[in-house]
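These notes concern the structure reproduced below.
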Amino acid sequence: MSTGAQSKAAVAGQHADGPRLLADVGGTNARFALETGPGDITQIRVYPGADYPTLTDAIRKYLKDVKITRVNHAAIAIANPVDGDQVTMTNHDWSFSIEATRRALGFDTLLVVNDFTALAMALPGLTDAQRVQIGGGARRQNSVIGLLGPGTGLGVSGLIPADDRWIALGSEGGHASFAPQDEREDLVLQYARKKFPHVSFERVCAGPGMEIIYRALAARDKKRVAATVDTVEIVERAHAGDALALETVECFCGILGAFAGSVALTLGALGGVYIGGGVALKLGELFTRSSFRARFEAKGRFTHYLENIPTYLITAEYPAFLGVSAILAEQLSNRSGGASSAVFERIRQMRDALTPAERRVADLALNHPRSIINDPIVDIARKADVSQPTVIRFCRSLGCQGLSDFKLKLATGLTGTIPMSHSQVHLGDTATDFGAKVLDNTVSAILQLREHLNFEHVENAIEILNGARRIEFYGLGNSNIVAQDAHYKFFRFGIPTIAYGDLYMQAASAALLGKGDVIVAVSKSGRAPELLRVLDVAMQAGAKVIAITSSNTPLAKRATVALETDHIEMRESQLSMISRILHLLMIDILAVGVAIRRASTNGELPEAVAQAKARASDDETADVLDWLSHGASPAAKDVARD
């Protein structure tokens with residue numbers, strides 16, 4: 001089918017990187033399609049989820065059925081919250097890692113979004129044939145759009161125009177408190193209160209809410225209702241003319257209309273309010289002839305305001321495909337030329353100046369960036385149909401030192417390459433899966449540390465260490481590894497240092513410390529009472545304590561300076577893995593900082609930088625940094641090998 005959903009920058013024709021896989025995964029069925037070009041969605045097929053052990057199996061079956069051997073980019077709308085890399089469906093037994101699924105299927109890109117977010121992103125591209133206007137009003141171009149989706153729950157969202165794109169709002173507006181507007185709705189509220197401690201709009205105007213209304217009205221009329229009556233049966237009875245069912249539907253539509261009017265006022269949705277989900281669509285003419293529109297406008301002094309806002313019922317058969325298509329197109333656009341990805345912008349700008357052979361490498365990097373990142377040079381050369389020296393020349397044409405440097409910059413430029421959340425390792429994971437999860441979790445934690453680290457505290461810690469008379473590193477258990485590493489680095493500065501992993505040695509040594517001495521205490525939990533008592537003794541004698549630990553712990557609160565390294569690995573029952581890496585990195589940062597201070601005659605950072613620039617050939621100055629492997633001279637490499 002041709003969807004008519006095109007972005008403002010859409011180009012006619014087929015996608016240069018091949019067909020894109022689109023999916024709409026619900027609790028019962030998984031729907032798949034191919035998008036061959038902007039708005040051209042074909043090969044729509046539906047597969048029962050129960051027939052396939054995993055989502056990966058269902059996707060493979062679809063690709064086999066449509067005879068597609070290679071898909072580069074894919075996007076999935078799923079009826080489930082999506083928060084991080086691991087998705088566990090609440091209405092089906094599928095559970096999967098987004099990144100592991102991408103690797104298993106060989107995709108360059110795999111996006112997974114909530115189905116209601118996808119539905120919201122579909123709205124700007126809907127044609128008149130894919131929606132029915134309910135009542136009057138005229139939508140204002142480039143204005144906020146509202147969306148309600150009465151289905152199993154009551155989804156609420158909005159779209160905000162931003163330049164040439166739309167931003168979808170995340171919302172839990174369906175859980176706003178239900179506010180009855182007449183005596184009949186008062187009865188519904190009273191009945192619902194007997195079942196729920198909080199009666200939200202979702203309780204009464206989502207699909208299951210129709211049953212609540214039906215039973216409340218039956219109780220009013222003293223009618224007995226079978227325990228098996230559900231929303232599907234109520235709708236069928238209403239279509240057949242049953243009086244109680246008709247009143248139930250009318251009440252339901254009125255409540256939904258009142259809520260939609262409130263959403264329109266809240267968002268200022270002059271671009272219109274859309275109704276999605278399956279319930280309203282199944283009501284058909286019962287919905288279009290109901291009091292929905294009248295109740296939408298009935299807002300007292302703002303009735304005239306709402307009269308000008310149109311309301312639409314979404315009738316498109318597969319609206320989620322339109323939304324994930326738009327989201328995927330925006331993601332790929334950002335990657336290939338957006339301001340968020342400087343390396344891709346550089347490739348695009350320089351492409352015409354490259355040799356024909358180098359252009360083939362450039363095209364491979366733009367269209368298949370993960371192939372460049374993951375493959376050895378021999379495979380990259382084969383895929384681009386060039387020689388290996390051509391690959392190296394291409395990298396240097398972009399200002400990179402070589403292929404490794406280019407791979408690093410390319411990986412940094414990829415949007416959404418590394419999941420910024422923790423992925424759990426499960427029994428049965430292959431080495432590829434659990435290996436990638438361990439690496440991804442560590443990289444994710446490092447990136448989050450970079451975003452949240454208090455560098456003012458880092459500067460204070462460096463000043464304290466640089467002026468210390470003696471530095472002692474304390475770590476118990478696994479943290480002793482970090483303490484020993486710190487001792488190895490810092491004794492080279494000519495400062496008396498030692499590392500203790502034994503509590504009794506820590507207590508004995510701390511009792512001898514005083515003013516000018518510094519303890520660097522490394523602890524994952526920050527709660528060991530024995531260590532805290534040792535530090536109290538040293539601080540009372542005038543020593544300072546730098547803590548490398550988690551935030552809001554007793555150690556962090558006691559320390560002179562706390563360098564907080566929060567992460568998902570917080571339970572004391574877990575072996576320190578990620579925390580150990582973060583603590584080692586903090587030691588590296590402190591060591592580099594002290595090295596820079598020591599490169600200056602007076603210890604001041606600005607002068608150290610100036611001297612380093614003026615004396616770039618001075619081996620003695622350069623070696624202060626280079627033995628830490630963060631300098632630039634060849635001398636660093638010799639030390640790093642030891």
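Quick reminder: no glycine exception, Cβ is built from N, Cα and C everywhere.
As the structure is a computational prediction, the values presented were derived from the model and not from experiment.
Of the listed segments 197-216, 377-396, 457-476, 517-536, Swiss-Prot assigns DNA-binding region to 377-396. Among the listed binding-site residues, namely Gly26, Gly27, the Cβ with the most fellow Cβ atoms inside 10 Å is that of Gly26. Secondary structure by DSSP for the domain 'HTH rpiR-type' (341-417): 59 helix, 0 strand, 18 coil. Residue counts for the domain 'SIS' (461-600) under DSSP, split into helix (H, G, I), strand (E, B) and coil, are 67 helix, 26 strand, 47 coil. Taking the centroid of the Cβ atoms of Ala23, Asp24, Val25, Gly26, Gly27, Thr28 as the ATP site, the other same-chain residues with Cβ within 8 Å of it are Asn29, Ala30, Arg31, Gly49, Ile78, Ala79, His92, Asp115. Annotation for the binding-site residues Ala23, Asp24, Val25, Thr28: lowest Cβ count within 10 Å of the residue's own Cβ, Thr28. Mean model confidence for the region 'Glucokinase' (1-340) is a pLDDT of 87.
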